[in-house]
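Below you'll find the structure, written out as structure tokens, and then a few comments.
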Amino acid sequence: MARFEEQKLYIGGRYVEASSGATFETINPANGEVLAKVQRASREDVERAVQSAVEGQKVWAAMTAMQRSRILRRAVDILRERNDELAALETLDTGKPLAETRSVDIVTGADVLEYYAGLVPAIEGEQIPLRETSFVYTRREPLGVVAGIGAWNYPVQIALWKSAPALAAGNAMIFKPSEVTPLTALKLAEIYTEAGVPDGVFNVLTGSGREVGQWLTEHPLIEKISFTGGTSTGKKVMASASSSSLKEVTMELGGKSPLIIFPDADLDRAADIAVMANFFSSGQVCTNGTRVFIHRSQQARFEAKVLERVQRIRLGDPQDENTNFGPLVSFPHMESVLGYIESGKAQKARLLCGGERVTDGAFGKGAYVAPTVFTDCRDDMTIVREEIFGPVMSILVYDDEDEAIRRANDTEYGLAAGVVTQDLARAHRAIHRLEAGICWINTWGESPAEMPVGGYKQSGVGRENGLTTLAHYTRIKSVQVELGDYASVF
């Protein structure tokens, strides 16, 4: 018996039945409980959502900037009023501790929406003088209908990161949440409607990426795809978006981010950063600093400090306010992470702690994996090369700065990087050489609304958040005006 009623699609400002008649289940990873049956959208449903978005976008774009701004600001207020309710639902669906979802997921998503709500009236063109009798002006116009495809690790936050700039710029969005964690995106659709967003401007279609995601990516009336997920899937989405109708794309993809701890670093601070960069949200964060480079002279002291902090991790029931480490998001993902851990053991990385599924008592019903630290890792190990997306830290030893930078950059990814040092010149010198789109000095993990987020290399295309993102949800129209005579050559 599912905890919640069957979840429908959200099209045109209301819940509607999927025409497919098919459903899938969403599971609480803490105990295997079926939370709800969720309806699976068909190609016909995608078409309904697109047509609804086309009509809704016309109404939305015709509003004044101040009208749109006020409506989005009202949605921010509702999000904050319902923070605890949404956090509780997010915890059930993702397995994240309630202490985390209450303080991070909805809070940071609402911050992004508030940021873009304030920027709506600032979307403007420019005037370019040509000569006394002629000038050019530009208009920033919405793209039209755009699609967002979300990942399972930050469901409502990602939905807000994608919809906030899209709606602020006057677009309509069709959002497809991950099949694994679909519930809070539907609640966000309710909130937008309650705030006054016109029907059709934010639709939610649930289903698989192979079907619903592909149909959205191919649709000729969709002007842009914003995707968060794995690199291999991102490449397919990008290829389909280009071949179908030359859609614009934003891709926030995988990472294998380096954290370099220099010999002069405060090791207590470095250990705090390393543990947060690997075990917050049970290691399911795309920017995690999973390759931890420590100078040979500091290895033993650093490892001891890391182990001391791992002992403070409170693995438990996500509903318990004292828990700060929950299960992985699903049982299939747990098996994937355990497979990587076995690979690390087989390739002779030295296991400092963890390395197994947690099955004591009630934990045996959930997708729990112990915080795991490997050391004496080599650059060619699978756990060092590939994104694991779980609570697995790899410690690597280096001898000098040039070596650390070279090895840190020796990856197909370039999402994030960080350094810990008390030498300001060294910090900036190293950061300027690191090939990553998001970098931190003496900290890790914060991604405020004002900060553009995105990767180098195979970690993505484009950016989310910040001023630059708003521009990518508009297109520029250039208009020349001639006030004088027109000179024809004929």
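Placement of Cβ uses the backbone N, Cα and C atoms for every residue, glycine included.
Positions annotated as active site, charge relay system by Swiss-Prot, on the basis of experimental evidence: Lys162, Glu464. Feature annotation from Swiss-Prot assigns active site, proton acceptor to Glu252. Taken from Swiss-Prot, the feature active site, nucleophile applies to Cys286, supported by a curator's inference. The K(+) 1 binding site feature in Swiss-Prot is assigned to Thr26, Ile27, Asp93, Val180. According to Swiss-Prot, the NADPH binding site annotation covers 150-153, 176-179, Gly209, 230-233, Cys286, Glu387, on the basis of experimental evidence. Residues or ranges marked as K(+) 2 binding site in Swiss-Prot: Leu246, Lys457, Gly460. Residues or ranges marked as cysteine sulfenic acid (-SOH) by Swiss-Prot on the basis of experimental evidence: Cys286. The site 'Seems to be a necessary countercharge to the potassium cations' annotation in Swiss-Prot covers Glu248.
Features per Swiss-Prot, on structure.
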{"residue": "Thr26", "record": "K(+) 1 binding site", "DSSP (3 states)": "strand"}
{"residue": "Gly150", "record": "NADPH binding site", "DSSP (3 states)": "coil"}
{"residue": "Lys176", "record": "NADPH binding site", "DSSP (3 states)": "strand"}
{"residue": "Thr233", "record": "NADPH binding site", "DSSP (3 states)": "helix"}
{"residue": "Cys286", "record": "active site, nucleophile", "DSSP (3 states)": "coil"}
{"residue": "Lys457", "record": "K(+) 2 binding site", "DSSP (3 states)": "strand"}
{"residue": "Glu464", "record": "active site, charge relay system", "DSSP (3 states)": "strand"}
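For Trp152 (NADPH binding site), the recorded positions whose C-alpha atoms fall inside a 10 Å radius of its own C-alpha are Val180, out of Ile27, Lys162, Val180, Glu252, Lys457, Glu464. Across the fold, the C-alpha of Leu246 (K(+) 2 binding site) and the C-alpha of Glu464 (active site, charge relay system) stand 20 Å from each other. Between the recorded positions Asp93, Glu248, Glu252, Glu464, the minimum number of other C-beta atoms within 10 Å of a residue's C-beta occurs at Glu248.
In terms of Cα distance, the recorded positions that sit within 10 Å of Cys286 (active site, nucleophile) are Glu252, Glu387, chosen from Asp93, Gly209, Thr231, Glu252, Glu387, Gly460. Around Gly150 (NADPH binding site), taking its Cβ as the centre, 28 other Cβ atoms fall within 10 Å, counting all chains. Taking the centroid of the Cβ atoms of Thr26, Ile27, Asp93, Val180 as the K(+) 1 site, the other same-chain residues with Cβ within 8 Å of it are Glu25, Asn28, Pro29, Leu35, Thr94, Trp152, Glu179, Thr181, Pro182, Leu183, Val329, Ser330. Distance between Cα atoms for Gly209 (NADPH binding site) and the residue listed as 'active site, proton acceptor': 16 Å, as a whole number. Listed recorded positions: Lys162, Lys176, Lys457. The one with the lowest count of other Cβ atoms within 10 Å of its Cβ is Lys457. Each residue contributes its Cα atom, and for Thr233 (NADPH binding site) and the residue listed as 'active site, proton acceptor' these two points are 11 Å apart. For Lys176 (NADPH binding site), the spatially nearest entry among the recorded positions Ile27, Glu252, Gly460 is Glu252, judged by CA separation.
Within the same chain, the residues at least 6 positions away from Val180 (K(+) 1 binding site) whose Cβ sits under 8 Å from its Cβ are Thr26, Trp152, Val329, Ser330, His333, listed in sequence order. Listed in sequence order, the recorded positions near Glu252 (active site, proton acceptor) (C-alpha within 10 Å of its C-alpha) are Thr231, Glu464, out of Ile27, Ser178, Thr231, Lys457, Glu464. Here Thr231 (NADPH binding site) comes close to Leu253, Gly254, Glu387, Glu412, Tyr413, Gln458, Ser459: these same-chain residues lie at least six apart in sequence, with C-beta atoms under 8 angstroms from its C-beta. Listed recorded positions near Lys162 (active site, charge relay system): Glu464 (candidates Asp93, Ser178, Glu464; Cα-Cα distance within 10 Å).
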